[in-house]
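Peer 1: Annotation comment: Swiss-Prot describes 1-28, 200-258 as region 'Disordered'. The annotation domain 'Tyrosine-protein phosphatase' is assigned in Swiss-Prot to 59-206. Taken from Swiss-Prot, the feature active site, phosphocysteine intermediate applies to Cys150, supported by sequence analysis. Under the heading substrate binding site, Swiss-Prot lists Thr151, His152, Gly153, Leu154, Asn155, Arg156, citing similarity to another entry as support. Positions annotated as active site, proton donor/acceptor by Swiss-Prot, on the basis of sequence analysis: Arg156. Here Swiss-Prot flags 247-258 as compositional bias 'Polar residues'.
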Amino acid sequence: MNQWHYGRYSRGRDFTARAPPKKKGKNQIPERWKDYLPVGQRMPGTRFIAFKVPLQKKFEAKLMPEECFSPLDLFNKIQEQNEELGLIIDLTYTQRYYKVEDLPKTISYIKILTVGHQVPDSGTIFQFKSAVKEFLKRNKNNDKLIGVHCTHGLNRTGYLICRYLIDVEGMRPDDAIELFNRCRGHCIERQNYIENLQKRRVRKNQNASASRSGGLEDSAHLTEQVHTTNKPVNKGPKKSRRGGHLESSQHVQTQSSAYSFRKWSQNQSVYQRGFVPPPGPAGEDYSQRRFFWSMRPNGSQATHHKKWIAASYQRPFYPASWEWNV
């Protein structure tokens, strides 16, 4: 029996006056979902873009018009950035938010069931890296993006993107976290995720170290100083309703047991006071400058639209056991 699927969570005796939490309905808006920007910006030097989970039409009755964020809205917002989405990696631990059929057929979709609050296990990390590497290998002659989301597009999403940049691209942990925070418009909140990333050792034999040499192209975004406040949220991992591990082949769920190819965006004016500012001023030539990381409050609120391509993405690796059905 697989503990992942059949484990049960017991509240035990409750000696407080609090009523037990109500079971969430299928059409309930995810908790705190409204607090986050729908879509971030492309992370310079990478193919990554992060966003919160889009919600299908049945949720719209409980949202104001300006709060709605559907798969179609996602497509439009990424097009507004003059970008093209090639792959969605869905990290939510449910199937209720939207259907794969709602996505354009030109976009690939991969679901990696990832439990919230706790640091993703090695199987989940391996699947994420493998999916990214395979996509990059198959799309090395174009500039399509990899969109990653969990519920809020922040903690699980930020952890796995940063983990890839650290382990595969050789970026320093603090640099990866800082880059993600700036481009997402929010900071990774969970302290256990941050601490786990900061313990990672940078591989010294990378051909292109993203945070030290030519792995990432220099940009106003990377040289701009930014003030980041990573406030802990529930420092330790919460007890999961489901425990144990799931084998790699069971983690990935796709339509018809294959990766369906499907295609997709962001309004930069939605950055608000209190969020991490978007990339720095456009129109300046930083080609001769070496980027660095430092801390300063009140970073620039300007945006830019330049694309950044990392040379390291021309050297993908992928295990022979992986299958990608077209």
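The backbone N, Cα and C atoms fix where each Cβ goes, glycine too.
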Peer 1: Take the domain 'Tyrosine-protein phosphatase' (59-206) and count its residues per DSSP category (helix H/G/I, strand E/B, coil), listing them in that order.
Peer 2: 70 helix, 17 strand, 61 coil
Peer 1: Measure from the Cβ of Asn155 (substrate binding site) and count the other Cβ atoms within 10 Å, all protein chains considered.
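Peer 2: There are 21 such Cβ atoms around Asn155 (substrate binding site).
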Peer 1: Tell me which of the binding-site residues His152, Arg156 sits in the most Cβ-dense spot, judged by other Cβ atoms within 10 Å.
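Peer 2: Its Cβ has the most other Cβ atoms within 10 Å: Arg156.
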Peer 1: Just how many other Cβ atoms lie inside 10 Å of the Cβ on Gly153 (substrate binding site)?
Peer 2: 27
Peer 1: Select one residue from Cys150, Leu154: among these recorded positions, choose the one with the most other Cβ atoms within 10 Å of its Cβ.
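Peer 2: Within the set of recorded positions, the most crowded position is Leu154.
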Peer 1: How many Å separate the Cα atoms of Cys150 (active site, phosphocysteine intermediate) and Arg156 (substrate binding site)?
Peer 2: 6
Peer 1: Can you name every residue in this chain, apart from Thr151, His152, Gly153, Leu154, Asn155, Arg156, with its Cβ inside 8 Å of the center of the Cβ atoms of the recorded substrate site?
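Peer 2: These residues sit around the substrate site: Tyr36, Lys52, Leu91, Gly116, His149, Cys150, Thr157, Gly158.
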Peer 1: Let me know the model's mean pLDDT on the domain 'Tyrosine-protein phosphatase' (59-206).
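Peer 2: For the domain 'Tyrosine-protein phosphatase' (59-206), the model's average pLDDT rounds to 95.
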